[in-house]
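Written below as structure tokens is the structure these notes are about.
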Amino acid sequence: MDLGHGKCWDTSKKDSWKTLLVLAYQSLGVVYGDLSTSPLYVYKSTFAEDIHHSDSNEEIFGVLSFVFWTLTLVPLFKYVFVVLRADDNGEGGTFALYSLICRHAKVSLLPNRQAADEALSTYKTEHLPEKNNKSGVKIYLEKHKALHTALLILVLLGTCMVIGDGVLTPAISVFSAVSGLELSMSKEHHQYAVVPITCFILVCLFALQHYGTHRVGFFFAPIVLTWLLCISALGLYNIIYWNPHVYQALSPYYMFKFLKKTRKGGWMSLGGILLCITGSEAMFADLGHFSYAAIQIAFTFLVYPALILAYMGQAAYLSQHHHNDNHIGFYISVPEKLRLPVLIIAILASVVGSQAIITGTFSIINQSQSLCCFPKVKVVHTSDEMHGQIYIPEINWILMVLCIAVTIGFRDTKHMGNASGLAVMTVMLVTTCLTSLVIILCWNKNPAVALSFLLFFGSVELLYFSASLTKFTEGAWLPILLALFLMTIMFVWHYATIKKYEFDLHNKVSLDWLLELGPSLGIARVPGIGLVFTDLTSGIPANFSRFVTNLPAFHRVLVFVCVKSVPVPYVPPAERYLVGRVGPSTHRSYRCIVRYGYREVHQDVDSFETELIARLADFINYDWRRALRTNSHTEDAASQSNESSSEYRLAVIGNTTFACTPQYEIEETVQPASVSGGFSTVESMADVIEMEPVVERRVRFAIDDDQESDIHLQLKEELEDLLAAQEAGTAFILGHSHVQAKQGSSVLKKLAINFGYNFLGRNCRGPDVALKIPPASLLEVGMVYVV
């Protein structure tokens, strides 16, 4: 099966072998911290209750065989050779798969899509299907709107389970590492020492999050490398010293022998065996920080062999020690003289693994915000050099409280393992389902190939998933409860956000209304720049009409700003701003659409305001100089004023010149389905995109006064007005909304809108915090949304 086209990285051209090996080394600390610490608790969780280690060694050899083949099939075959190739411009994770599917099929529920978004360089796909060769799966998926919602729910389920894993992984990793103290102290002392020490380490770990991982990140790779070398050396020692023939247990025959002897108990013990692949999802989720080849090399040539040797070494030791049921675990197989240094390395490795999942939780919540699936929270960049290093204060402290509660509440590896196993398998099942759709829709493979992938890996994961469900009352209830709670919050927020957008579309004001406002109606234009934030990409928002109605004045320069997310991981800075006029040039009104990818964070307001005004100046220069080239600006302005009910052309204005980009125009009438993803309330609009070399950014708005043409005078006047308005100050106009369900709505809708959404809105960050707007410059306009 040729999957090469899914790969974004070309190592032969972009990465030398030296760079590739450095990336592979660096990936150890970020990607493999969780996966590499799984030997601490796999055997202990597996032999916790359902099966027992006997003199025949059939149980331990069967478990080793299961561990070997599980590590081989899922992380190696599924992730390294298939899933990692399903990248979205080099990015991985659940939202990357969803983004790919949404770009190849019209299944997105995001309401403010534009044809202009499809012109982004990161939006374009490498292999587009032929128009006359549409897949039946694609047609069926686009036709049934219920499947769009079902797909979103599937993505949200995977997202919630990743967040749940962010609660469970730090607890079980650190607790298992600290549990090594049980061999060096009495049972009474151990009982009262492990939990407090674990909680202390967790508190320190979360307390340091606001500093960012980049400050201590250079320690991560050496720690994980040392840990991998340590467990592989211990494994080799135990194999040679205790049982050199343990390699025979790698045969699949021992799996069938194990299940034949243990029957139901063996099946239920799979909930502990599956813990050997916890952290595998990080290989895909962290793909954007490294290359596909780097992650592949690190896992195939170092992590995978080290883990296999570690599990074989433990099995070799246990095969010669049959009366240690109460002490089956990692540390029992470590020579007594080495237990203290190994304990210290294990604790450090568990902290690194916990750090990776915490950072991943921050990242996926930020992505959920971008898709309007999570209430607004404050996102802080912790590194100026490394993009993607973020910190979310509220989530950090909530995770810390939950981790400590899990540690104190469960107090053993068994219950933590049951909970973590269910969360891990759910995420993997979601990834398998989404990858199957990517194989059909994005890679244009025969549906039989996708079905084979789904059935093979899905059946393996379903086997483990069913075993995890049997442990519902023994800890597996926790990720299910967390997922139900989080999915309710996310779905209510997403549903209400879409309803608000539909309300805005129904109640937006025509452009004629804005142009008719003038001194004759008692409307004054005050100095300064007014930035009116709206979710609409066309038309005048209702909150601005409410503002003008109550305060009959607005700023001399008016900018309707739409900050929106597009289904790509990153938007190049040169393509971020879509700028156009609202009305004739004398009105001094503009529309600016600022586009961010789902992995990006809105920049600080000072830089945003400065950048926005600079882009307006570039657009004014560009627009008048284009008119100068065509000598038809006067006629264009006249024709535009006569067609004031339609949107004007939008130009892509970047902070760099479009090198090697041919000049072209795209003009098309966008149908409602492609604008809103299926909402019939969206009006048709003409969307004109121009990508031409733009004048470079200037510190001052200088123009050439040699030519005394009328166009140059108007250009100079408009730039001077913009500069004067900037010096007068900027006001940020936001809508302060209250949402309520229509009369006659169902009880469920009233509960979701009137109580759920409004409660979340009151108790989470407001849009002013999310957009990082200073309170002194904020003007809020009250709006009641009846949806």
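Each Cβ is built from the backbone N, Cα and C atoms, and glycine gets one as well.
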Per TrEMBL, the range holding transmembrane segment, considering 265-284, 605-624, 765-784: 265-284
Result, the transmembrane segment (60-81) in contact with the transmembrane segment (193-212) (3+ CB pairs under 8 Å): no
Recorded stretch that, among 60-81, 150-181, 340-365, has the most CB pairs under 8 Å to the transmembrane segment (290-312): 60-81
Seg_contact(the transmembrane segment (265-284), the transmembrane segment (390-410)) with at least 3 CB pairs under 8 angstroms, min sep 6: no
CB contact flag for the transmembrane segment (447-465) and the transmembrane segment (477-496), at least three pairs under 8 A: no
Taken over the domain 'K+ potassium transporter C-terminal' (527-785), the model's mean pLDDT: 72
Tertiary contacts of the transmembrane segment (340-365) (same chain, 6+ residues out, Cβ under 8 Å): 29-31, 33-37, 40, 93-95, 159, 162-163, 165-166, 169-170, 173-174, 176-178, 180-181, 184, 201-202, 205-206, 209, 213, 220, 223-224, 226-227, 230, 234, 279, 282, 285-286, 330-331, 334, 374, 377, 379, 388-392, 395-396, 399, 599
Range from 150-181, 218-244, 422-441 with most C-beta pairs under 8 A to the transmembrane segment (390-410): 150-181
